[in-house]
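Annotated features, as they stand in Swiss-Prot:
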type	residues	note
ACT_SITE	K166	active site, proton acceptor
ACT_SITE	H285	active site, proton acceptor
BINDING	N114, T164, K168, R286, H318, S370	substrate binding site
BINDING	K192, D194, E195	Mg(2+) binding site
MOD_RES	K5	N6,N6,N6-trimethyllysine
MOD_RES	K192	N6-carboxylysine
SITE	K325	site 'Transition state stabilizer'
Amino acid sequence: GVGFKAGVKDYKLTYYTPDYQTQDTDILAAFRVTPQPGVPPEEAGAAVAAESSTGTWTTVWTDGLTSLDRYKGRCYHIEPVAGEENQFIAYVAYPLDLFEEGSVTNMFTSIVGNVFGFKALRALRLEDLRIPPAYTKTFQGPPHGIQVERDKLNKYGRPLLGCTIKPKLGLSAKNYGRAVYECLRGGLDFTKDDENVNSQPFMRWRDRFLFCAEAIYKAQAETGEIKGHYLNATAGTCEEMIKRAVFARELGVPIVMHDYLTGGFTANTSLAHYCRDNGLLLHIHRAMHAVIDRQKNHGIHFRVLAKALRLSGGDHIHSGTVVGKLEGEREITLGFVDLLRDDNTEKDRSRGIYFTQSWVSLPGVLPVASGGIHVWHMPALTEIFGDDSVLQFGGGTLGHPWGNPPGAVANRVALEACVQARNEGRDLAREGNEIIREASKWSPELAAACEVWKEIKFEFPAMDTL
């Protein structure tokens, strides 16, 4: 007879190993598992470990040709989720051998590739990953990182200011370039292509790049400050994307942009390598993230997508605004903001961080706060995000009643006032409105902005809770 017993397997015999001591080289994952009724949590956790590593649904004779113990994923711990009836956190350890070096694509294909459609589970969410230094070291990471970016821009001791050019679709290249110039001239550091501005019939990419470069150089000459515009290089093919990045380099501009989730991790990593080799900064937009991360019970939490981006490479990434939202969300957001910027992040479940993560000096990424923010938010943003961040006011600049340059002036004055107040030891959380009011006495542009946006709020209950 053959040396194995055919039939459908009980996963937990092989893949649930509560005594396992995790190794420093393992990739560790925390999954939020919602089993189907009647499926015990150990079996569900083991099934996740199996299906995302070596397992298949039945015994196969080729199993005998490998060392299962060396290659299998292991569910090594399960804990119930407080306040949920039938939900568990399953911790899975994957041996490093299972992953291709320097490939975020392969890491995700392995860990989340197949298992999310698994019938024994009602829902599954990847909450966090621990990437071991041995794997991190196979990635280049961000093209430049926070310190190099500050040195390139010669801007220190404050957050950077940006603005997304609106209306996002329909402007001609010349009018688009004019809006870029006006915002930069007024005092912003950066302007931004919207994520869906690629190369459409009303504005082809090459024309846009040219007029934006002209706007940058004119604003630089007049202000004596270094300026940038995130030229979106996202395209339908990797070749076309690199072609756009090459043209940006030829124009001598400082920064390009990519939509890393719609563009894909393979394209993103290629672009990040090009950017480091050619001295371009890389701004990353997270279009499509909410499709993946918004459901509490199913999908992938954004902190995992943020870690993946730091491996794949990007110098800025959009990461929520916190402002006007609830407390719990603030802690969770700051959790992954720290993951992006710091060298080491300690395990802290109150902030949604399941594992201590060391980045072994991989450069950090600047978090970008963007979407529905205006001058009244400036004290809170300065306090929450600190100096190492990019604050982006699209409508909050272009919506100014006197036009774009005064809109930019208002934001810059508000920021400088908040930074100065903080440096003088004032409490931004408590005195924020007062600080903005005082500054607006000296700046009619800011006073007008304060008047327009005094009633605007975007308050809804938090989605992202522990």
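Yeah, the Cβs are placed from backbone N, Cα and C, and that goes for glycine too.
Keep in mind that what you see is a predicted model, and the values were worked out from it rather than measured.
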*Among the recorded positions listed here, K168, K192, H285, R286, H318, whose Cβ has the fewest other Cβ atoms inside 10 Å?*
K168
*Of D194, E195, H285, which recorded positions come within 10 Å of K168 (substrate binding site), going by C-alpha to C-alpha distance?*
D194, E195
_Using the alpha carbons only, what distance in Å do you get between H318 (substrate binding site) and H285 (active site, proton acceptor) once rounded?_
6
*Which residues, sitting 6 or more apart from N114 (substrate binding site) on the same chain, put a CB under 8 Å from its CB?*
E51, S52
*What is the total of other Cβ atoms whose distance to the Cβ of T164 (substrate binding site) is within 10 Å?*
24
*Hey, what's the Cβ neighbour count for S370 (substrate binding site) at 10 Å?*
22
*Least surrounded among the binding-site residues, given as D194, E195, when other CB atoms within 10 Å are counted*: D194
*asked:* Other than K192, D194, E195 themselves, what residues in this chain have Cβ atoms within 8 Å of the centroid of the Mg(2+) site's Cβ atoms?
replied: T164, I165, K168, D193, N196, V197, Y230, N232, M257, H285
*Name the residues of the same chain, 6+ apart in sequence, whose Cβ is under 8 Å from the Cβ of K166 (active site, proton acceptor)?*
D194, G394, G395, L398
*Sequence order is fine: just name those recorded positions in K192, E195, H285 with a Cα within 10 angstroms of T164 (substrate binding site).*
K192, E195
*Translate the DSSP assignment of T164 (substrate binding site) into the three-state scheme.*
strand
_Rounded Cα-Cα span from E195 (Mg(2+) binding site) to R286 (substrate binding site), Å_ = 9
*To the nearest whole angstrom, what is the C-alpha distance linking K192 (Mg(2+) binding site) and S370 (substrate binding site)?*
11
*Rounded inter-Cα distance in Å - E195 (Mg(2+) binding site), H285 (active site, proton acceptor)*: 7
